[in-house]
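To start, the structure itself, in structure tokens.
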Amino acid sequence: MELEAIPGVGEKTARALRELEDPAATVRSGDVAAIARAPGMNEARAARVARGAIRRRHDDGSRVLATDRAREVYRDALGLLKERTVTDYAEKRLETFYPSASASRIAEAQAFAAAATERDPDPAVLEALSGVEPLADPPTVRVRDRCLATADAEVYARAEARVPELSVETVDDTRDVAELARSYATVIVLDEAFAGMDVEGDVHVRPDALETPAETVPERLLAFFAENRERLEAAAAVHETVHEADTGADADPAADPDALRDALFRLDDDGTIVGDAELERLTAAVDDLDAAVSTAESVADDHLREAIRERDVTIEGTDFLSLVEQGARVDSLLDRELADEYDTAMARAREHLVDALELEPEEADLAERVFDDDPSFPVERDESAVSRLRTELAAGRDRRAARLKAELAADLGDLREPVEELVRDALELDVELAIARFARDFDCVMPEVRDPGGGEAGGGAEGDADDESGNSGGFRLEGGRSPLLDVEFEEVEPVDYAVDGVRLLSGVNSGGKTSTLDLVALVVVLAQMGMPVPAADVELDRFEEVHYYAKSQGTLDAGAFEATLRDFGDLVEGADGRLVLVDELESITEPGASAKIIAGILEALSEQDATAVFVSHLAREIREAADYDVVVDGIEAVGLVDGELRVNRSPREGHLARSTPELIVEKLAEDRGGGFYTDLLEKF
Ligand SMILES: Nc1ncnc2c1ncn2[C@@H]1O[C@H](COP(=O)(O)OP(=O)(O)OP(=O)(O)O)[C@@H](O)[C@H]1O
């Protein structure tokens, strides 16, 4: 797939995406976490790319959100879902759900959301999710004691690209390899031609070394797991919690949590091996060698000092003379007089060394030689023996570490792919649980999104909205309750409203007209995102575009008024299948002109296949100005109770609602029984 063909992917983004292992498949998968692994890509950008890929997959060029207010409603809808996520990932992943006009995209998202709403958002699972994050790539580790060698320029370039952890060296012949073996603990030769050569040192000929990075650089795997330890443990905990909570989620996690924990237990945060007693012994022996030798010397010295102090030494005159005259060494005396004591002191020193460093028999043989010199006081170590012992212990330590690393890398290699899935599953679970919580919190239902002009899944006579199947166009919602109102959700009164064609919505002040438009917009946007909607039952046409115009703040100056008129001019000339929601357009100019303008817009829209609701206080005037029979719905006051309006929030079809002033005049007329108020009432 041409990456640049994805909507929203430019040259720069495409270049970053090409760094991914399988760019086309990753982008196509819409996996935000995987896309975000491209260099310089964050999750928000990754979500945009994923959205572009989804659009492309469904050949979906629709732009449903046609106005600022419509886009605001989408942001609010997304906000309600995002508030219910635990991880940053899930927040961004939710952004891949956008209101679409593509039937296949809506069906796909609905299938996902329907399965999600089956999930049980158990608090323990939500708690466990808090530690989960997408896996990170650790910085490249440099391994200095191992190198790759080749005589081939192409292999050289490939080796540098695939195994940046190791130096790649050029070799022409066996002599060059032997030279390398002196500077590196291990040399891996990549050319078959060198097979069978006889070179001293740890030299391997492995033409497949670039294809088996787990063996060539086990450090890479170890670093990956060390870097991601907490994320992995958290993801494993999520799966276990899901299992314990028995939430009906898939029982088998992608990677066995016990095997994962066991492997992580053997790994230190810096990618080294822990938990192996022998490796720890050898490491400590190398580190403590100098200190142990010094202590061993003191042990021997103490013994000798004690022995000398307690001993009467008889010295023959000639010896004494030679001591005085020729500066003869005390050692010879020591040797002769204290041979046994010296042996004991040496034995104690060796014993200390062997004990302190926990040396094995063959290492102890080397340790013997550290205190093997001619008698002296204070005792002196044999430096070259110490250095041999150190070399031997360090080599043992490195061999052991290399073997353990290779073993652990083999175990981790088996887990490498499964853990990607383990973490992805945990993160996706968060997305699903957010949808499940949204659906529960707001008593949602999955809406029926129909093909415009026909049945639910395509077909139907074109443009025949009121066909014989009984389907009318537009939308029908029952028991809709907006979570975006300024009252507690429990207090929100359910609204029923069905519209096909073009309507005027009248009603008392604060009756809920704007709230009804908001509710319709929210339900339509959520439905076309493929999400459940806050209502008892909803059917709607799949709208191509949603044009929602909020009430303007005060009258407009001439320029702004002209711009608004142009907007509506474009609107009435637009494509079929639009939902138009307009709140009190009359506020843009004086009432007389407004009524004429609105009437004109309604006429134009009513001749097209559009669904529209215009909220207005000028219903009567508009009806008079229009040259067709405008349908007016009304949000009615059921009465005034203690000076407060009681309202039926569901608009009544074909009913011009009385305005608040009219209601009050009516009440006064009833109270006073005739006269001025009754005459006044006549005028309404
Ligand atoms: N379905 C509902 N359930 C509970 N309260 C509601 C509902 N609809 C509206 N309200 C309350 O009524 C208030 C006024 O609603 P809204 O602004 O939609 O009325 P309006 O008819 O557009 O008013 P105006 O004529 O002044 O523009 C809201 O702020 C909300 O508190």
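Heads up, the Cβ atoms here are built off N, Cα and C, so glycines get one too.
TrEMBL: automatically predicted annotations, no manual curation.
The following features are taken from TrEMBL:
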BINDING   Gly507, Val508, Asn509, Ser510, Gly511, Gly512, Lys513, Thr514  ATP binding site
DOMAIN    500-684  domain 'DNA mismatch repair proteins mutS family'
REGION    449-477  region 'Disordered'
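Structure coloured by features recorded in TrEMBL.
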residue : record           : Cβ contacts under 8 Å, 6 or more apart
Gly507  : ATP binding site : Lys513, Val615, Gly634, Ile635, Glu636, Val647, Pro651, Ala657
Val508  : ATP binding site : Ile635, Glu636, Ala637, Leu645, Val647, Ala657, Arg658, Ser659, Thr660, Leu663
Asn509  : ATP binding site : Leu645, Ser659, Thr660
Ser510  : ATP binding site : Leu645, Val647
Gly511  : ATP binding site : Ile635, Glu636, Ala637, Leu645, Val647, Arg649, Ala657
Gly512  : ATP binding site : Val495, Ile635, Val647, Arg649
Thr514  : ATP binding site : Lys551, Asp583, Val615
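Checked against ligand 1, the binding-site residues Val508, Asn509, Gly511, Thr514 give Asn509, Gly511, Thr514 in sequence order as having a Cβ less than 6 Å away from one of its atoms. According to its DSSP assignment, Thr514 (ATP binding site) is helical. Highlighted in sequence order, Ser515, Ile635, Val647 have their Cβ within 8 Å of the centre of the Cβ atoms of Gly507, Val508, Asn509, Ser510, Gly511, Gly512, Lys513, Thr514, the residues recorded for ATP, and are not part of that set. All protein chains shown were included, and the count of other CB atoms within 10 Å of the CB of Lys513 (ATP binding site) stands at 26.
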